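**Q** Below: one structure in C-alpha cells.
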Amino acid sequence: MAKIITIGHLVMASKEARDTVIKVFEDIVDYSSANEPGVTMYAITVPTHDDGTTIYMIEEYADKATSDAHIASQPVQKLINLFTTEPVLAGAPTVYQLEPVYSFLKPEITKVTDPHIIFANIAHKAGGAEQSLTQWKEVISTLESDEQGALAFALCKEEADTDRLHTVEVYESKVEDSVAKTKDLGSSLVHVSLKMIGGFLHR
C-alpha cells in the first residue's frame, strides 16, 4: 500500500485556543510514539512568521489502514470532540490528503533540533502537473545528492485536484533559494515556511 501524507492547516480563534489545541496534539504525539509504528512523521509546526493562531500539522502514514486507525484512536477522537464542542477554531481546517510521487529522507533528519520546513502548493495548467514530473525528478535527485542541508523532500499528488502538486521540504537551516529552484515548474506557487514546535519528522 502507498504511503499517505496528510497536511492539516488550522487557524484557531485565539492564541489561547491554539495553546489548548497544541497540548492535545502533544498528547497525540506521545500516543503515536508509543503505539503507532506506522505513523512515521507527526510534526506540529507554526509559520516562521508566526501570527499566533495558525498550526500546520505534517503527518505521514505507512498506508491508509494506519491513517484510519490513527483517526479512530482515543487521543484523536478527543481532538475531534474539542473541535466540535468548543469554539477553538476560527474556521474549518483545510486538510490535504497527498500521495508521494518522488521523495527522499536522510537519516541525519533525526539529529536536527531546529529544522526549516517548507510546504508548497503548486498549481498547473490542465495536464501540466503530469508533464512536469520528469523535471521534478531531476530537481529532487540533484537536491538529494548535492545539497547536504536538504534532509527530506516529498513531491506529492493531490487526488482531489490532478492539476496541483505539493512539496514538503525539510532543510537543516533556512534556505533562501529553495523556492527559486522550483518556481518554473508550475503556473503558480504558494509556499509557507514553518518552524517545528513538537512531534517527530522520522523514526
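Yeah, the Cβs are placed from backbone N, Cα and C, and that goes for glycine too.
Here's the feature list from TrEMBL:
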DOMAIN    12-78  domain 'ABM'
DOMAIN    116-174  domain 'ABM'
**Q** Could you count the residues of the domain 'ABM' (12-78) that DSSP puts in helix, in strand and in coil?
**A** 35 helix, 18 strand, 14 coil
**Q** Over the span of the domain 'ABM' (116-174), count residues by DSSP class, listing helix, strand and coil in order.
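**A** Split by secondary structure, the domain 'ABM' (116-174) comes out as 18 helix, 25 strand, 16 coil.
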**Q** Compute the average pLDDT of the predicted model within the domain 'ABM' (12-78).
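**A** 98, rounded to a whole number.
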